[in-house]
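A quick write-up on the structure given underneath.
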Amino acid sequence: MMEMRVGIVGGGLAGLTAAIALAEKGFDVSIIGPRSTDSNSYLAQAGIALPLLEGDSIRIHVLDTIKAGKYINDEEIVWNVISKSSEAHDFLTSHGVTFTGNELEGGHSYPRIFTIKSETGKHIIPILEKHARELDVNFIRGFVEEIGINNGKLAGVFLQGELLKFDAVVIAAGGFSGLYRFTAGVKNNIGLLIGDVALKGVPLRDMEFVQFHPTGFIGKRTYLITEAVRGAGAKLVTGDGERFVNELETRDIVARAIYMKMLEGKGVFLDARGIENFKDRFPYIYSVLRGEGINPEKDLIPITPVAHYTIGGISVDAFYRTRIKGLYAIGESACNGFHGANRLASNSLLECVVSGLEVARTISREKPKREVNDAPYSFNELGDVDSIREVLWNHAGIVRDEWSLREGLRKLKEIEVDERLKLVAKAVIISALKREESRGAHYRKDYPFMRKEFEHSSFFYPNV
């Protein structure tokens, strides 16, 4: 009997977890994409949220997640994911990951963020990649241009115009925060495959919810000042020393408060001068800031909100299946209602591990087989991506209203860019227009309150 071939697009935490779990079950696995160090998982500083400490519980973590998500989370999904926290922890530690401490972050009732010197991704990703290679996972470097689908049936993926045939494909290529002008994530995370599968009949979910990290630092490039710095006691202040927000509120509230102060013409700073042993607790941030001429033990740190995490994505079920047989999505590429309207800090790495393990079980159970051997190929070039970034930043950013969103739609029509990227941007704007309320990461100044009639997820169907 021939081995089942599984192609995983993306080598971040979700992709590597799925690859290892599938390879351990005997599947022929390939990871297709850039180096794993070019993933947002690798950049993850704080850590992974796990309710494993004394006094904490799955129930409390679930309640924190739903409160942060402003009550439109899929509660069954939230329970499913968080109840697998011990399995996620055991998977990581059994493969050589050693956590060095626990931190408190905004929205959490307990210091349940398991971290590795606040450089968690840089430690986890190389360890898992080493294990994947030892299991003979095939790493194919390159840019997946599109998913090969023929009349609703999966054929594989296209790499430089060549169809690589697989029985199952798992999209683990991250979200689309790179479609915003300012992001601390990987700039290549532009959601191309999210738009690709949408054009081919897969609905998108909750696309209006884009999370902005409150404390980005723009220097030689854009960096994140991890939430854990505020958890350790850093304060947010204006240039004249005014404190204006609870630093440990959820990210949507803090980001919006900072943005409003900036609209008043006030600079906003992070004051970390009261943190003892900053250099030892946050070595990466310390080295970055010193390289930019700032000593966080003596100086205020200028910050700005930046696009950080896209809550919406490819609509999947509890088993990470799309509506196309053999096609799955996990991690930030996917959306099944876990985060609701706003992601609780450090829940993303938990979702990456859990979704990677769960999709491996799903594929092992269903054993899909490729039914077609070819598919149409249409990729040419990406086009004017920077203009999309400007439109989304200016018209579908931290604060929105009907006029600005409609103006963004108008500008979008004039941009010469790959239709799939235009579709992702259109999904964000139209979903934001339809949600005539403010909830979580989506804030409409013309509808500044939550409304009961919008207490549900949104779905975007490109052909409707």
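Glycine is treated like the rest: Cβ placed from N, Cα and C.
Annotated in Swiss-Prot:
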ACT_SITE  Arg251  active site, proton donor/acceptor
BINDING   11-14, 40-47, Glu332, 348-349  FAD binding site
SITE      Glu105  site 'Important in orienting the L-aspartate substrate'
Comparing the recorded positions Glu105, Glu332, which residue's C-beta has the most other C-beta atoms within 10 angstroms in this structure?
Glu332
Near Glu105 (site 'Important in orienting the L-aspartate substrate') in space, meaning Cα within 10 angstroms, which of the binding-site residues do we find among Gly11, Ala46, Glu332?
Ala46
Between the Cα atoms of Tyr42 (FAD binding site) and Arg251 (active site, proton donor/acceptor), what distance do you get, rounded to the nearest Å?
21
Between Ala46 (FAD binding site) and Arg251 (active site, proton donor/acceptor), what C-alpha distance do you get in Å?
14
Below 8 Å Cβ to Cβ and six or more residues apart, same chain only. Which residues does that give for Gly11 (FAD binding site)?
Ala19, Ile31, Gly33, Pro34, Arg35, Ser36, Ser39, Glu129, Phe139, Ala172
Do me a favour and check the Cα-Cα span between Arg251 (active site, proton donor/acceptor) and Ala44 (FAD binding site); whole Å is fine.
16
Within its own chain, what residues at least 6 apart in sequence put their Cβ under 8 Å from the Cβ of Leu349 (FAD binding site), listed in sequence order?
Leu13, Ser41, Ala44, Gly47, Ile48, Ala49, Thr120, Gly121
Residues satisfying Cβ distance under 8 Å from Asn40 (FAD binding site), sequence separation of at least 6:
Gly12, Gly121, Gly174, Gly175, Ser177, Gly185, Val186, Asn189, Glu332
Quick one: of Leu13, Ala44, Ala46, which of the binding-site residues has the smallest count of other CB atoms within 10 A?
Ala46
What number of additional C-beta atoms lies within 10 angstroms of the C-beta atom of Arg251 (active site, proton donor/acceptor)?
26
Three-state secondary structure, Ala46 (FAD binding site) (per DSSP):
coil
Relative to the Cβ position of Tyr42 (FAD binding site), how many further Cβ atoms are located within 10 Å?
22
